[in-house]
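Trainee: Quick paste of what Swiss-Prot says about this protein:
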TOPO_DOM  1-25  topological domain 'Extracellular'
TRANSMEM  26-49  transmembrane segment
TOPO_DOM  50-57  topological domain 'Cytoplasmic'
TRANSMEM  58-79  transmembrane segment
TOPO_DOM  80-100  topological domain 'Extracellular'
DISULFID  97-189  disulfide bond
TRANSMEM  101-120  transmembrane segment
TOPO_DOM  121-139  topological domain 'Cytoplasmic'
TRANSMEM  140-158  transmembrane segment
TOPO_DOM  159-195  topological domain 'Extracellular'
TRANSMEM  196-219  transmembrane segment
TOPO_DOM  220-235  topological domain 'Cytoplasmic'
TRANSMEM  236-258  transmembrane segment
TOPO_DOM  259-269  topological domain 'Extracellular'
TRANSMEM  270-289  transmembrane segment
TOPO_DOM  290-315  topological domain 'Cytoplasmic'
């Protein structure tokens with residue numbers, strides 16, 4: 001069936017997280033702090049990795065790109081959500097809604113591929129250490145990053161190819177703080193069951209399969225690491241544990257939401273907040289709290305910046 005976009009709906013109303021005025025003021029302050037911390041934390045990782053020569057390795061190159069994606073993922077909807085806490089009319093245009101969904105799936109798809117790439121990097125480093133630099137060459141790392149963005153773009157376009165032409169004639173209330181595909185297609189004036197099945201197969205099941213494969217991959221890596229007792233193995237165990245935590249935090253909410261798109265659970269809003277805001281905030285903490293190299297480089301960078309400012313202000 002071909003649909004033409006003769007929608008009566010020109011904008012969508014975002015119901016947000018709460019209708020309580022007191023809670024909205026609290027959310028405004030809370031999420032403003034969280035968003036600022038997310039951007040600054042991920043930006044600090046990107047700058048630290050770019051400026052420190054001893055961090056110019058495949059693992060940190062991929063980590064820097066992950067931080068950039070996380071920073072972008074936290075920015076596609078959060079600034080508008082924060083501003084909407086102070087607005088009575090929480091609306092978004094049809095084009096703005098489609099744009100939000102495009103960037104959500106672009107960044108989500110890119111992050112999935114990048115997390116798989118980071119898993120592959122750890123597998124090669126631990127299971128094939130003698131061939132690590134040969135396999136994880138600069139060309140390979142750049143190729144993996146480019147591949148992640150290509151997959152993200154194609155995934156986003158595949159999700160919107162049919163959605164953008166659906167007729168929307170009311171109601172126009174989206175029960176979330178941003179436009180998410182499962183919620184938006186429910187508002188269409190036609191039966192979207194087939195589109196929902198397509199969404200399950202391209203988003204939900206892919207996320208679930210990738211998550212299972214990553215769990216198996218990290219299990220193999222951790223078993224290999226546990227068989228060793230050297231200091232290097234202890235460091236590898238710490239690194240892989242951090243990677244596995246990030247994978248779980250990202251894939252858990254995504255899988256739950258997109259495997260059951262026909263059912264709207266009360267916890268869906270919480271999960272949406274988790275993988276679009278909290279996970280990008282926690283990733284810098286998870287990757288740096290037990291990583292001595294990154295913490296040392298951050299202290300060195302901060303000290304250099306502080307000394308430069310002090311010198312500039314000295315008469």
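Placed from the backbone N, Cα and C atoms, the Cβ positions cover glycine too.
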Trainee: Can you tell which of 97, 189 has the most other C-beta atoms within 10 Å, given these are the disulfide-bonded residues?
Mentor: 97
Trainee: Between the stretches 58-79, 101-120, 140-158, 196-219, 236-258, which one has more Cβ pairs under 8 Å with the transmembrane segment (26-49) than any other?
Mentor: 58-79
Trainee: Within the topological domain 'Cytoplasmic' (121-139) only, compute the mean pLDDT.
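Mentor: A mean pLDDT of 89 is what the predicted model shows over the topological domain 'Cytoplasmic' (121-139).
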Trainee: Run through the topological domain 'Cytoplasmic' (50-57) and tell me, per DSSP, how many residues are helix, strand and coil.
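Mentor: Taking each residue of the topological domain 'Cytoplasmic' (50-57) in turn, the totals are 5 helix, 0 strand, 3 coil.
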Trainee: Decide whether the stretches the transmembrane segment (58-79) and the transmembrane segment (270-289) have at least 3 CB pairs under 8 angstroms, with pairs required to be 6 or more apart in sequence.
Mentor: yes
Trainee: Going by DSSP, is residue 97 (disulfide bond) part of a helix, a strand, or coil?
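Mentor: DSSP call for residue 97 (disulfide bond): helix.
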Trainee: Please report the DSSP secondary structure of residue 189 (disulfide bond), reduced to three states.
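Mentor: It is coil.
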Trainee: State the non-local partners of the topological domain 'Extracellular' (80-100) in its own chain: residues 6+ outside its ends, Cβ under 8 Å from one of its Cβ atoms.
Mentor: 7, 9-17, 24-25, 27-28, 31-32, 35, 160, 163-164, 168, 174, 177-179, 184
Trainee: Near the transmembrane segment (196-219), which same-chain residues lie under 8 Å Cβ to Cβ, leaving out any that are not at least 6 residues past its ends?
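Mentor: Contacts with the transmembrane segment (196-219): 105, 112, 115-116, 119-120, 122-123, 155, 158-159, 162, 181-182, 185, 240, 243-244, 247, 251-252, 254-255, 257-262.
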Trainee: Would you mind listing the long-range same-chain contacts of the topological domain 'Cytoplasmic' (50-57), meaning Cβ under 8 Å and 6+ residues beyond its ends?
Mentor: 64, 293-294, 297, 300-301
